[in-house]
Each structure stands twice: as C-alpha cells, then as structure tokens.
Amino acid sequence: MAAFTPSFTLRHLPFLNKLRSSPSPLLHLRRSSSSMALPIDASIEHAEEPKLDIESVSTAIEGPNKRNNKDRKGSKSVFPKRGETLELVCESIAFKGKGLCKVEDTGYVVMCDRALPGERFIGRVTRKKNNYSEVTKLKTISPHRDMVEAPCEYSSHCGGCKTQSLLYEAQVRAKEEQVRDLVVHVGKFSYKDPEFDDVMKAIVPCDMQFHYRNKMEFSFGTKRWLPKEQLHERSEDANDYALGLHAPGFFDKVLNVDKCFLQSEPANKVLAAVQDCWRNPELGLSPYDCHSHAGFLKHLMIRSGRDVETRLPQLMVNFVTSSYKPELLKPLVDKLAVIPEVVSIVNNVNTKVGNTSVGEEEYKLYGKATITEILRGLAFEISANSFFQTNAHQAEILYKLVEDCAGLKGDGSEIVLDLFCGTGTIGLTLAKKVKHVYGYEVVPEAISDARRNAKLNGLNNATFIQGDLNKISESFGKDFPKPDIVISDPNRPGMHTNLIKYLLKLKAPRIVYVSCNPATCARDLDYLCHGSVEQKLQGCYRLRSVQPVDMFPHTPHIECVCLLELC
C-alpha cells in the first residue's frame, strides 16, 4: 500500500504564493544530468561535523564565478583583496542566513552576515574562501526590500535571530528556496520530470513567530560586550558584569540581555528577577571568567513546559556553576520561588573549563526535579539536560507530518525503528498505532528519559536501546524484527556511511527522514536514492516528498520531513 503523501497548505500565509518569483521546479528522482561541479567534499565519513561546506554549497547554487583570476573586462581582478571595500547588493539569503552578493562587472560571489535581499551597502573584504569571499557590512546605502522594524532592541547585535528585520513571509520563501536548491544541487535530483511535480512541498510556516522557544540558555560574563557605536555607554564601574547571549563569533564576550523575544513572558520574568539582584556585591556572586577560570556563575538556563492536568505554564530554572555552593544561590532561589510559574530550580555543577551547561552533578534547590510538556496527547517529563523539541507548538505539526509520511495501516501490525530517538518523542507518539517501536540513541540520559516517558504514558510496546549509530557493527539489527517503517532524525552532521549501508541492506518499505540540516539531508537522500560508486553504495529508494517546516522564525534554521519508498 502506498504511503500517504502529506500536502500542507499555507492556510495561514495565503500571500506566500504571491511572493514566489516562479513556480517550484519539478524534481525527478534520477540523478541530475547537470555537469555543475560543486565546491564541496560530499564524503559522509564523519564522526562529528560532516565534510560539507554549506556556504560553498549555497555559493554553487547561486552560480559562483567560474573564470580564472582574470577580469571579464580585461583590467579588473575577479577576486577582491582582503581589506578592499566594495559597493554590493544582496541578491538572496544563503544557507546559514548569510546574504549572497555578487561583485559588479565580475559576478564574483561574496557572503555577508546580516545582509538581506535588495539591500545596497558598503562592505569590507575580511577573508577569502575557496571560491568566494566574506565581507563585513560597514554602511547601508539603501535598505533591503521587505524591510520591517525589528521589535527586539538587541536584534542588530545578538546572533540569535538575525532576520527579525525581514518580513516573515520573505523569510519562509527564502528557506523554501534554499531547501529546493540543496535537494537539486547536492541531492542531484533533476528539475525535469513533471511526474514528480509534487515532490517539493510548500514550506509550513510557524504561527508563533515570537515567544516560541521553550529553552533558553544565557551566559554570565565578567564584562558586558558593547557594539562600537555604544562603547561610550560603558560604565567605569568595576562591576560591569553581563548576563545574556554571546556576541556573534566570540566565546568570551557576552551581550547583556534584559528580555528575549524568543522565550515566553513567564521566562522573561525569571530573567528580569535574576538581572535585578545578582550583581549586588552583598550577595558575593561572581561570573565565571573563561580565561582565568575564576568565578562562580556560568549559565542561567530557563526551560518552559505545561502542567499535564491544568495546562498552565511551568518553568524550570537551572543555575550552572563552577562549584557547589548552595548558600550563595539561596537569595536567588528565594526571589524566584515566589514566581507562580517556577516549579523547579536546580543547580548543575560543571567544574570543567569548557563552556558546556551540562554538569557532572545536579542538585535540586527548590520544587521538583522535572517539568512536564504535552505533545500529541502524551505527557513528557523534562529534566534540566533532557533533549526536547525547542518549539513544542510547531513540533505538534512536525510530528503529524511524520505520522502522515509513515502511512500507518491502522491495524497495529507494524514495526517502527526510531533512529536517533532522543527522549523518544516521535516513536512514542506513534506507539499506540503500531505493534512495537524500537528506539536507538547514543545519549544514556536521553534513553533513561525515553523509558520513563513510555512508562508515564502507559506504553508497553516501546523499547529504547542506548548505542552509537555512527559505530554500528555487522550485528546491528539482530535485536529486533525487520521494521516496516524507519524514522531517522539525525543531528546536523546527518547519517554515517555505516548506517546508510545498513539501511540500504535492510530495505525497509518506507524511510521517514527528519532533518535539521537540509544540506546533509540532501546528501543522504542522494546516497539512499542514487547510491555512490566512491562509497560503494547502491541506492534503492525513491524520493516521494520533501516537506520544509519553519521551526525557528527569524533564524536560518530549517527542518525537513522527507519520505522515501523502496523501489
């Protein structure tokens, strides 16, 4: 039986079709015959980050200069020199959110952070890459099209949501185009066959464009970072501490933030309460210095959830410190405990010099050790270090798309293999409709959470196993029957060669690939459908649909749900 191919209409953004400059090209599930050479290493022999230069992929898609170091008019070098200033016009947003521009007369590609389509500006060349250069914007001559006023005062300097000043409809249009281009040029699928004109789906926008994040991590700093134009505001007070977000490109510089438009209003109340008192010298609190490794406070993490019974908001506050000194945190705990939504305050102690917020030890300071969230009718317990979808509202839609792609028969007869299962959220939302779910995840704490959540919801047909899917052996798969459906939700590097080889050998009827990185997703789709002589892979799947989903408005991140069926 053919799986249901979901089609998500943009009922909330009827104007998006008007914004598309041209209809989406048709995709054919054969290799594209294009001879275009991409400046990437598409190898998937990785353990951490893949050998895939995403910015170069974007450059190739937009048509980088293919000439040698000669000028098209005979006198001007194609390659601008470092330090040279240029007048540029941004043509589009490339993957990772950088503006793609071309040098006038030569067509040479440059990438500029925070440049948006239609914006004319002066930029200085800062570095040369393989086939493009990076520039820093010095001055805007004329603003970009679809410009709106960013509501957040930090949007020009904070790296969290770079595209707040771009009309949301233009944001999702750019993301949809990026996914399409990556599928064609990295996935090597062709535009030409009209039989597959419905493979590329219109992007699903997010109804909540602000206050959608249920987890925010703020850092403490010894001296607040200010942009150049605000340096005159710097206080001479020695206690010029900061609590906020890291300045883009700096691990040791913190932009002080009093309110974040991405987190909920109750979470902002917590942030304001901490900001109001933690600098008081009488409390004896000091921020951690990542250079000298002195100081106490490292991070403030705020997680949001909902009570299962009342559906009212719940908050967890996690103080990450360099040592365990609960007496120092007591004034902060007392101040936060009176906020009605705060039901949990914990302390993760991280004695290492690294910048991670996960501690070696965790202590409960107030209330419960977990909060709860409701997703597709199920309750999930969330601890301080649990992985959980950061946008629970949009995760409801994402998981519905996954279920639609799975094409369940409805008779409870199917076996589901849930790879990179995390805390089991996807598998558990399907468990009531299938015979059994087998989930695999490398993080032991996530597996513990998955098992606890299965028990919490009375689901006895879900088995969760801890294991590294990048290091599977020949014996992998002997612990469970052959699945009818494989769900794979890898992290940004995508799937390892060994796992792709296993899936091609397994030949499950359907694979639902959930991706947070469309570049590595497109690469993996290429291998699963087309194979690879170099990697000794023989593809055996047919791509049925690619559904982009905007999980994180005002950021460059894109989620995709892809359906593959066995040929």
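Including glycine, each Cβ sits where the backbone N, Cα and C put it.
Where the annotation comes from TrEMBL, it is an automatic prediction and has not been curated.
Note that this is a predicted model, so its numbers are computed, not measured.
If you look up TrEMBL, you'll see 59-78 marked as region 'Disordered'. Per TrEMBL, the feature domain 'TRAM' maps to 79-139. TrEMBL lists Q389, F420, E441, D489 with the feature S-adenosyl-L-methionine binding site. Per TrEMBL, the feature active site, nucleophile maps to C516.
Sequence features, as recorded in TrEMBL, placed on the structure.
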residue	record	contacts (Cβ under 8 Å, 6+ apart)
Q389	S-adenosyl-L-methionine binding site	L375, A395, L398, T425, M551
F420	S-adenosyl-L-methionine binding site	Y440, E441, L469, S488, D489, P490, N491
C516	active site, nucleophile	N491, R492, H557, I558, E559
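Across Q389, F420, E441, D489, which the record gives as binding S-adenosyl-L-methionine, the greatest C-alpha separation is 15 Å. One residue stands out among the binding-site residues E441, D489 for having the most other Cβ atoms within 10 Å of its Cβ: E441.
Apart from the site residues Q389, F420, E441, D489, the chain places the Cβ of F387, D418, C421, G422, T423, T425, I426, P490, N491, V514 no farther than 8 Å from the centroid of the site's Cβ atoms, the recorded S-adenosyl-L-methionine location. According to DSSP, the domain 'TRAM' (79-139) comprises 3 helix, 33 strand, 25 coil.
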